[in-house]
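Undergrad: Structure in structure tokens, see below.
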């Protein structure tokens, strides 16, 4: 078995076979990226160039007026701050709530956990359009209407549904010996949660953080209804409203799409390193 | 092998007779006083209270609305179970469920399966041979469509799928395959398949990222041992990857199925339910009643029925998942 163990780190088809697999992945990646490139291409065309050559031709030059017009028309800077504030707060708060819920359900295995989980999942199973009228009424009653905090609260609860489910599924397979060892070392449940469970679950928590941020960023319906004043609006709402008014030509639509997507892409690229920098159970510190 | 750290290095000295009992008294050798532990249920309190205010109460209000006739302004008028009676006989509503089977296939089943194979390939093949950076780059590309607001995705895909000078038809023309050119979104026989294709494109990154994060948890020694035994990639996939990330597979399937039952946005931006209702789904129908026709009471009834169906599905699914875990 000497030869096998010598190549144990690189098994399976070697040589040209492995490049075939890589090539397949690269083709797939190109298919996934193509629509983005089309949008980017159109965002830097002049309207005249667009109507002459169509949406799929390569841009002849870099024309940034579409981007600038959109930026000024919607006060993009302010909208960006609102979106960052709302999505960032929701992402962090929803991760914390998910951890607390999942600790009770997945590790504590509280009585009737299946039904508790079903209740938490209702935040997602209920169609959002069904929530809009009642939430509007409640927000008016509590004086939270047209505040960013109202949207933060609503989406924290909505996003927690997924976090609670994913984390409690993952944690119900958590190695009992580790919990036992920590308990014998004198840690109480609160300490076990933050010093043992959370560090081990870090890759999954990063995934949740990224998902929550991006999902909240792209939410449209509830922010549209709740954030009526211009000062509180988010990027997605500004984008959707302008599109709905049909005041934009195709190049400006593309420009708005680029500005709408750029922050989430940047966020994903920054945070995607944390997705793999995992702590495996065998290497807890 | 990485040196095992403190927690796992010492196999836990289990107190006999208390197999993991949370409130079990500490062993006789310990001088620590027996403390009352916080009940686990207390950890549910903050989440539970917020859930009550933001979801449960509005759900009950929506339920009440479903027994009324209301245009969104003025006083709702009580009509009893009229909306539900109407819904039972509403052929359009029930027909739209049939399309949802296709949508569930495209948003849940295919992406989960594809995501599983792609994640295993990236983790156990690309990552090991071309380095983790290559794997991370490819993962980012495949995930990217998830970042795109659905409204923007709709615009781009309508450019690509346009019958005249759309990118797909141009491409087929260049390849000399004119016979395959189609009116992708306008032909009643093809529209549903085109929408399904776009859905797979959007959705596949979601399971991929969850699965790759789940694989971080798997002890690398398992893969190494399998490789030394000469197990092929497929064998490792079936006997290590799939069983180890079982929880994630369940989560992805259920979550995407729920999403597919609420998938009105895709339909809205790509086809508006057309041509001729060929791509209408129940959630689109509910949205139409709430906002286009402002029949809030009827929309509330549609949403309630849809929510109850999804909840029933969730319960069945979670039952299966937890019985699988106890094996």
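Any Cβ shown, glycine's included, is placed from N, Cα and C.
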Undergrad: Give the range, chosen from B:137-160, B:161-184, that TrEMBL lists as transmembrane segment.
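TA: Among B:137-160, B:161-184, the range TrEMBL annotates as transmembrane segment is B:137-160.
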Undergrad: Which residues of the same chain, at least 6 past either end of the transmembrane segment (B:191-215), have a Cβ under 8 Å from a Cβ in it?
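TA: For the transmembrane segment (B:191-215), the nonlocal Cβ contacts are 99, 102-103, 105-108, 110-112, 114-116, 118-120, 122-124, 139, 142-146, 148, 150, 153, 157, 161, 184-185, 241, 244-245, 247-249, 251-252, 256, 259-260, 263, 266-267, 270-271, 274-275, 278-279.
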Undergrad: Using a Cβ cut-off under 8 Å, which residues of the same chain at least 6 positions beyond either end of the transmembrane segment (B:296-318) come close to it?
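TA: For the transmembrane segment (B:296-318), the list is 59, 62-63, 65-72, 76, 79, 83-84, 86-87, 93, 250, 253-254, 257-258, 261-262, 282-283, 285-290.
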